[in-house]
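A quick write-up on the structure given underneath.
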Amino acid sequence: MATRQRESSITSCSSASSCDADDEGVRGTCEDASLCKRFAVSIGYWHDPYIQHFVRLSKERKAPEINRGYFARVHGVSQLIKAFLRKTECHCQIINLGAGMDTTFWRLKDEDLLPSKYFEVDFPMIVTRKLHSIKCKPPLSSPILELHSEDTLQMDGHILDSKRYAVIGADLRDLSELEEKLKKCNMNTQLPTLLIAECVLVYMTPEQSANLLKWAASSFEAAMFINYEQVNMGDRFGQIMIENLRRRQCDLAGVETCKSLESQKERLLSNGWETASAVDMMELYNRLPRAEVSRIESLEFLDEMELLEQLMRHYCLCWATKGGNELAQKPGELFKPRSPKQPLRDVLWSSRSWKVKELESLK
């Protein structure tokens, strides 16, 4: 009852500002990713009762390999987040960079796994849209208010700050602005900190992403960084992906750092991180629990396993740590091989390049 009374205390204080028009293509990937997640949830790949409040259900059916790819992505990132929360006993903070319409905060609250504070950062235009949904929909606002100790909660078009959750509109390429806004929302550099970037760094130049990684490594005494994005982009399949995105005015400015798993790890190690691990998403998929794989594969028929393998070999999950050996996570500890382990097949380029057009929906 108390929560219902306080919901009306969330007020909007300003309108959204315009963002740089050059970033329009990148901002559009937020909508693409949200629609794909919404569709996968709707047919049972994973449980997320909150995404429906941020994005409509698309009438267009997504391909099975796209849905399985998103399942592996969500599962992999979730495993790393929960490992970090277990290691720190939730006495930590999480900063989701380029969060879009992500619902991790609400799902962690449902599992009683919230960190001391959860931050989200994205373009001001995207943040404005997310805050509008939070303001207007009690299933989103009520969990925030339940954790907030004050009587009122003010938010404007670009920022929300509460006791356990903050949403910030900022450009990740402007580190002074980013740091200023995070500190204004009570970011604590003494707490173990997990930073998450899903298909974010690849849209920055290598210099810009290196600066962000250096800032993250130097700002916290103990930290972990999760990066999900493209890999093996030098082959024909990768080139088709790049060309399709370019036609949508969405340039992968940082694609040169996505040559291999080794280049992904080296990027982290050369920018202040002490340990680095990486797996491509096909390897991760092959390490999923057999019962879970059987469940999701029963949801839809996939007639071309090669298409799934091609797709998953071009995305990877990387993570790095610094300032605490207890935070380091080895792939074998997080993603145990299935028994018996299915062999990884070498996949040749398929002439069915029409399928690659769907990759542009993978953010």
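Every residue gets a Cβ built from N, Cα and C, even glycine.
Quick look at what TrEMBL annotates:
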| type | residues | note |
| --- | --- | --- |
| REGION | 1-26 | region 'Disordered' |
| COMPBIAS | 8-19 | compositional bias 'Low complexity' |
| BINDING | Arg73, Gly98, Asp171, Leu172, Glu198 | S-adenosyl-L-methionine binding site |
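Put simply, the two farthest-apart Cα atoms among Arg73, Gly98, Asp171, Leu172, Glu198, the recorded binders of S-adenosyl-L-methionine, are 24 Å from each other. Its Cβ taken as reference, Arg73 (S-adenosyl-L-methionine binding site) is surrounded by 25 other Cβ atoms within 10 Å in the chains shown. The Cβ neighbour count for Leu172 (S-adenosyl-L-methionine binding site), using a 10 Å radius and every protein chain shown, is 22. Just so you know, the Cβ of Gly98 (S-adenosyl-L-methionine binding site) picks up 23 other Cβ atoms within 10 Å once every protein chain is counted. Counting other Cβ atoms within 10 Å of each Cβ, the lowest count among the binding-site residues Asp171, Glu198 belongs to Asp171.
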